[in-house]
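A quick write-up on the structure given underneath.
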Amino acid sequence: MNRLKASSAVESVDLPNCHLIKGIEAGAEDIDILPNGLAFLSVGLKCPGLHSFAPDKPGGILMMDLKDEKPRALELRISRGFNLASFNPHGISTFIDDDTVYLFVVNHPESKNTVEIFKFEEEDNFLLHLKTIKHELLPSVSDIIAVGPTHFYATNDHYFSDPFLKYLETYLNLHWTNVVYYSPREVKVVAEGFDSANGISISPDKKYIYVADTLAHEIHVLEKHPNMNLTQLKVLKLDTLVDNLSIDPSSGDILVGCHPNGQKLFIYDPNNPPSSEVLRIQNILSEKPVVTTVYANNGSVLQGSSVASVYDRKLLIGTLYHRALYCEL
């Protein structure tokens, strides 16, 4: 109950210029924004043990152009041959190589674990599927950060892939979850011992990897080495369940989508819905990082916030299985 913060309540922190994004009704679990303001949203995640407002509808990738005065969410078409019917996207990450934009998507088709790599073709609002990656060291992938055209770090939020063993592992608090580095030449565990490794991101200077440990209420700062191994530098303790992490490109601050009360996520009650919270962390490498609450809601507007991403004073907040919010800061 303590790991879930089951008795926690949230005090509202409102933002003045916000509205729910039309067309998102069943979650936008992760969001990644390109330097030109194009935002990708991973929608429609279905996860065992979690509520779904659209259990029979496959997931997809939406795009918003945040340079538009009134940006709209448009679903991207995906190339033929990719199994859209079982598409169940989770964490996402973009990588730009010269002028080519790659989109990496954690996918759970039929409860499996894969990483899909797409090439984004902006002129046609189109994703060309390039590759499906499966590996025994990727049994329960949650989030991903791309560091090359076919290279990435990924978090496993469980050690096991079997649903019952996952439950047992979490209940027994085994701390067996980890971070894996993947490249075509080498796949290896580069950090381990997490309660439930979840969101992952990289510092603007590419020197540090940030990992959210959800049930431990922590963000780990890991130093990245030339051989791609990671060593722990510090741990920031918070008073909430931390989910996905993103970087404010203008400041280097970390934005965190959080769950103040994790029990409400797993035992869904429409009369007492899960709350939402977004934190901003400034100067995480310093002795005293500054943590501020950007947004908080008791579930009356937004339920189960999992991610927050910002571009040019425009903020997107996504959720595990509810709506998504667009705010002008």
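Here the Cβ of each residue, glycine as well, is placed from N, Cα and C on the backbone.
All annotation found in TrEMBL is predicted automatically rather than curated by experts.
Per TrEMBL, these features apply:
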DISULFID  C18-C327  disulfide bond
BINDING   E29, D30, I92, D143, N198, D243, N244  Ca(2+) binding site
ACT_SITE  H90  active site, proton acceptor
CARBOHYD  N244  N-linked glycosylation site
CARBOHYD  N298  N-linked glycosylation site
- Item | Other residues, Cβ within 8 Å of E29, D30, I92, D143, N198, D243, N244 Cβ centroid (Ca(2+) site) | S42, H90, G91, S142, G199, G257, S306, V307
- Task: Would you count the other CB atoms within 10 A of the CB of N244 (Ca(2+) binding site), including those on all shown protein chains?
- Result: 30
- When the Cα-Cα distance from I92 (Ca(2+) binding site) is computed for each of the recorded positions C18, N298, C327, which gives the smallest value? C327
- Task: Determine, to the nearest whole angstrom, how far the Cα atom of C327 (disulfide bond) is from the Cα atom of D30 (Ca(2+) binding site).
- Result: 16
- Query: Compared by Cα position, which of the recorded positions C18, H90, N298 is the closest one to N244 (Ca(2+) binding site)?
  - Reply: H90
- Find the shortest Cα-Cα separation between N198 (Ca(2+) binding site) and the recorded positions C18, H90, N298, and name the residue that gives it. H90
- Query: Looking at the recorded positions C18, I92, C327, which sits with the largest number of other Cβ atoms within 10 Å of its Cβ?
  - Reply: I92
- May I ask for the distance between D243 (Ca(2+) binding site) and H90 (active site, proton acceptor), taken between their Cα atoms and rounded to an integer number of Å? 12
- Which residues, sitting 6 or more apart from D30 (Ca(2+) binding site) on the same chain, put a CB under 8 Å from its CB? L41, S42, P89, H90, G91, I92, D143, N244, S306, V307, G318
- Query: What's the CA-CA gap between C18 (disulfide bond) and E29 (Ca(2+) binding site) in angstrom, rounded?
  - Reply: 19
